[in-house]
Amino acid sequence: MRLLRVATCNLNQWAMDFDTNLRNVKESIARAKAAGAAVRVGPELELTGYGCEDHFLEQDTAAHAWECLKDILSGGYTDGILCSIGMPVIFKSVRYNCQVFCLNSKIVMIRPKISLANDGNYREFRWFSAWTFKDALVDFQLPLDISEVTSQDTVPFGYGFIQFLDVSLASETCEELFTANAPRIDLALNGVEVFVNASGSHHQLRKLSLRIDSMRNATLACGGVYMYANQQGCDGGRLYYDGCCCIAVNGDVVAQGSQFSLKDVEVLDALVDLDAVSSYRASVSSFREQASHRTKVPFVKVPYKLCKPFQSGMVPTGPVEVMYHRPEEEIAFGPSCWLWDYLRRSRASGFLLPLSGGADSSSVAAIVGCMCQLVVKDIENGDEQVKADAMRIGQYKDGEFPKDSRELAKRLFYTVYMGTENSSEGTRSRAKMLAEEIGSFHLDVPIDSIVSALLSLFERLTGKRPRYKVDGGSNTENLGLQNIQARIRMVLAFMMASLMPWVHNKSGFYLVLGSSNVDEGLRGYLTKYDCSSADINPIGSVSKQDLRAFLRWAAVHLHYSSLAEVEAAPPTAELEPIRADYNQLDEVDMGMTYEELSIYGRLRKIFRCGPVSMFQNLCHRWCGTLSPSEVADKVKHFFKYYAINRHKMTVLTPSYHAESYSPEDNRFDLRQFLYNARWPYQFRKIDELVQDMDKDGKWVNSTEGELRRRKGVRSAEGGGMGVVAVGSANPSAGS
């Protein structure tokens, strides 16, 4: 029985902070060695941090990575343990994303990434080149200062594996796990038993199962041990790397790390039986047949043993049940951890949130409350780094530290209700109640006097005073009056964030939190430079439907019972006067429901639909419920306001990335911001399709469709994408 103890890790790295990154790498190696591991793998580009972006183009970045590696090699950290360490390497003036394998203070091999990630949030081709030479390993000339430490002039560089006396090992890097022609296939057929994967994979709602299933299926098809490492935390941008380091053997997960955590270092180890891998493969006739005429892969021979001799009491680690968080938990824990990293690394003293009492701002408040709960829990569990950060941020003195989440929230979280004559008592009381449950320092600030002062100034300048629509004003006046209130709140929020610490004799500044959701961004249902303009936004990529589910969950599990009332209230901006016969509602203003918006967003981004293909898709999905002309009106209405408001996305607050149909303009959803909002060609094609469908007479309401329409039943067909949009607002409405 060949037994091998292996270790993987989650590391909370910070792009370009080499001190922090090096410290975490060293700590993870030390913990792996203490556990008796013979192999340790860390995250992708762990020495620099994955999110360096254009800093990768600087020679300094690669040079500093080599300096950090020299520190590791000269410090004896790799003595007795094979370490896979991620860093950028420049070879013949070309930059590669590499795993450097080190053992006993020497470099065994450098393995460049062969399949780069270049979609969604990833832009690896901007900074790196893929290694395309698979026939042979080449010699890499080491930097002189590294040669002095390792006593090596050159080391093998390229695609291949490492053959030890008792085990063969190779690597895949992040994206290569998901490619159609994955490296592990040829490697497994060449006898490689252990695969290490250094990853820089970010969180997205409902995404973890894809990652876990890929590892399971990889080792189920080919057999083997798969070690997966990942970053965890905010390393300086919109992404939260969600850890979940794990180890899989022959299709079973035998160890799984946390997906969301405040820890800087988490190490996971397992004792694996390599003979079980050999036995598994030998039992599959198709594997034996394919291995007999395999494509040979180059390798490096290392005369060293990694396995432990069998002793009584040594039992291979058995399978575990994989832990998946519910989407509501993902919304709670992912943004909470992201906010904590941002807070401690920005050196801010806390957060300020304009709390309106509505679903969006209440969700953000609950997330901050959840963050405070996580901090106190980790302190109770003995995390000294979290404790030190919390003491500094909360400005505790004389050895005091946070022991209660509400007390911590009082120190680092301001909430402000900025009401006007258009605000209701319901939202005011809900905001106050939630603030009390969380423990924030809450202020109720009326802003009518500021609004009145601006309107008086405008009247002196122009001789005119705008009126609300309910008072006989035009749409232009009505929108202008709403925007004044919204923008005053933004200015006041930033003023209070900078000055309230001074008022309370505290040092530092507060970060302003935004609370617009992904659907409002997609539709443009927000005022440019209102409270959607903030320092950061933890829910900017979360849908309204998911937020409402989160509110229901948080009311129970975070013990903020007032959130149940918040969730039950209809969404409203409260920017227009309330009358007996009129109450402003979001979905009426937008001319579409949030549910419809979610569908439009998924079709536009995930399924890459333009106006015509979206119309065709929705005609199929809403067959028997809406006529072709009704579907056409809805599609045109969406694309009209999407185009008109697209410019707002260019200045939207940096938001936590959570949703696959996010319209975030920075890198995820790159589009122009000046459109012909009439879409003349596309809309004409839709009109032609409607005429053809009406002419053919084939659009017949089915009995099933009629029943759905009468009952308002939502269709689950099409992977949950079909929805019966019964009772949606007038498509000609909107602002």
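The backbone N, Cα and C atoms fix where each Cβ goes, glycine too.
Among the features that Swiss-Prot reports, active site, proton acceptor is placed at Glu44. Taking the Cβ of Glu44 (active site, proton acceptor) as reference, residues of its chain lying under 8 Å away and at least six apart in sequence are, in sequence order, Tyr50, Gly86, Asn97, Thr173, Cys174, Ala198, Ser199, Gly200, Gln231. A coil conformation is recorded for Glu44 (active site, proton acceptor) in the three-state DSSP classification, outside any helix or strand.
Residue density at Lys113 (active site, for glutaminase activity): 27 other Cβ atoms are found within 10 A of its Cβ, drawing on all protein chains shown. Sequence annotations record features per position, and here Swiss-Prot assigns active site, for glutaminase activity to Lys113 based on similarity to another entry.
Annotated active site, nucleophile per Swiss-Prot: Cys174, in sequence order, evidence recorded as similarity to another entry.
Classification of Ser356 (active site) by DSSP places it in coil, neither helical nor stranded. Positions annotated as active site by Swiss-Prot, on the basis of similarity to another entry: Ser356.
Marked as ATP binding site by Swiss-Prot on the basis of similarity to another entry: Pro354, Leu355, Ser356, Gly357, Gly358, Ala359, Asp360, Ser361. Note: Ser356 (active site) has non-local neighbours Tyr417, Met418, Thr427, Ala431, Ser515, Cys531, Glu574, i.e. same-chain residues 6+ apart with C-beta under 8 A of its own C-beta.
Swiss-Prot lists 4-274 with the feature domain 'CN hydrolase', giving sequence analysis as the kind of evidence.
Within the model, the region 'Ligase' (324-711) carries an average pLDDT of 92. Positions annotated as region 'Ligase' by Swiss-Prot: 324-711.
Of the recorded positions Cys174, Leu355, Ala359, Leu355 has the largest number of other Cβ atoms within 10 Å of its own Cβ. Apart from Pro354, Leu355, Ser356, Gly357, Gly358, Ala359, Asp360, Ser361, the ATP site neighbourhood in this chain, defined by C-beta within 8 angstroms of the site C-beta centre, holds Ser362, Val364, Ala365, Thr427, Ala431, Ser515.
Closest to Lys113 (active site, for glutaminase activity) in space, going by CA atoms and restricting to the binding-site residues Pro354, Gly357, Gly358, Asp360, is Asp360. Cβ contacts within 10 Å of Gly358 (ATP binding site), excluding its own Cβ and spanning all protein chains shown: 20.
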